[in-house]
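As recorded in TrEMBL:
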REGION    1-21  region 'Disordered'
ACT_SITE  H304  active site, proton acceptor
BINDING   H347, E353, H383  Fe cation binding site
BINDING   Y362, H383  homogentisate binding site
Amino acid sequence: MNRPTDPHLLTQAATPAGTTEGYMPGWGNDFETEALPGALPQGMNSPQKCNYGLYGEQLSGTAFTATRPERTWCYRIRPSVKHSHRYEKIDLPYWKSAPCIDPDVISLGQYRWDPVAHSGAGLTWLTGMRTMTTAGDVNTQVGMASHIYLVTESMVDDYFFSADSELLVVPQEGRLRFATELGIIDVEPKEIAILPRGLVYRVEVLEGPCRGFVCENYGQKFELPGRGPIGANCMANPRDFKSPVAAFEDREAPSTVTVKWCGQFHTTRIGHSPLDVVAWHGNYAPVKYDLRNYCPVGAILFDHPDPSIFTVLTAPSGVPGTANIDFVLFRERWMVMEDTFRPPWYHKNIMSELMGNIYGQYDAKPQGFVPGGMSLHNMMLPHGPDKEAFEKASNANLGPDKLDHTMSFMFETRFPQHLTEFAAKEAPLQDDYIDCWTSLEKKFDGTPGKK
Ligand SMILES: O=C(O)Cc1cc(O)ccc1O
Ligand SMILES: [Fe+2]
């Protein structure tokens, strides 16, 4: 039962019978978990005195008055407010927030990047975060940022939380551990994790170097999409999401807590580990999900549907059906459509599309869009299959065909995305990306018939 191998860590609650070690299944469930017997008050939240001398503390992820409040009650060794120093501003120059519009950087275009290489420098979750695009405004809690992380070193006695955002983490290389106030989440490629706004954690390297993508959501939380006529089954099933059981450490050590707040970073010092929540209950918790559990639904006779059928999670924007962010997964699946151009069609989209490749080959771009790489097709800018994909798909003999060994994703937002200076000038931008369409020749010759 004791998954943590780190010697100074963590007393962990027993996993409920029949579930995956260390995790509890369900999306948005009202969980309860305790690492010591009787640590969780029963029948009430704020007893006059808590067992074990714990402090009760609520973490609210929605307004108190939200229609369905999301909040968690924590029973901890010390309240979070006990930090001994004022916050001091620090600089993390590569982690940007919207609005971040550099007049020298042009975002109007189709862009593609090779994987950002590891530099050899020791980088943590904080120093290794590289913002690629920002959209919206962190101060008004709309929009998002996309990042690449390059992490080679564990945080030691350093902790972090983002007051600005929840983070959707999409690993591409290496294995990470998020040791959080509410328990431990380990992730590797083909899995994702969500770290809620306000949750304190430390990020450790289990197997490095680690690279991946992050969608920083400034707005309303990610939720499971409405399934409409698809009905109750397929896509992402709620039980495949896993939240950790309670785990705590009772450790005195000079430590820091860094906060991301309105785009700025501030640090305070504390004398103990803040991962001291012995028991908790509630529906506001970190979660992981194995993307291999995503059950894609698609066209089974003809035509290519909108990619929204592959939505794993959506973060609403307030305008129904128009997401602040959709997280969309293009994974292994069968293609069976008859007399159909099967790859994505050529299109322009009011939403802006940031894509990343986790592994394998993406059907619209057989070359150049490689694992660890990213592309951006910004608001209303045309894009679609490259010449090679077009020719292949237009001339293929159409039998049932498995798109195998492939996993790419899209962070699609209703807001235009602005490149950071890093994305435009330091990251390995492919200068010749738009050439992948130049050789699409005119086939029209004024005579009818398919050509
Ligand atoms: O542009 C892309 O490759 C993403 C995408 C995929 C798809 O199947 C349909 C539309 C779309 O934007
Ligand atoms: Fe697209």
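Cβ coordinates are placed from backbone N, Cα and C, and glycine is handled just like the others.
Feature annotations (TrEMBL) mapped to structure.
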{"residue": "H304", "record": "active site, proton acceptor", "DSSP (3 states)": "coil"}
{"residue": "H347", "record": "Fe cation binding site", "DSSP (3 states)": "strand"}
{"residue": "E353", "record": "Fe cation binding site", "DSSP (3 states)": "strand"}
{"residue": "Y362", "record": "homogentisate binding site", "DSSP (3 states)": "strand"}
{"residue": "H383", "record": "Fe cation binding site", "DSSP (3 states)": "strand"}
Annotated recorded positions H304, E353, Y362, filtered by Cβ under 6 Å to ligand 2: E353
Residue among recorded positions H304, H347, H383 with least C-beta crowding, 10 angstrom cut-off: H347
List of residues, in chain order, with Cβ under 8 A from that of E353 (Fe cation binding site) and at least 6 apart: L376, H377, N378, H383, M410, F411, E412
Any further residue of that chain within 8 Å (Cβ to the Cβ centroid of H347, E353, H383) of the recorded Fe cation site: P344, K348, N349, H377, L381, P382, G384
Other CB atoms, at most 10 A from the CB of Y362 (homogentisate binding site): 23
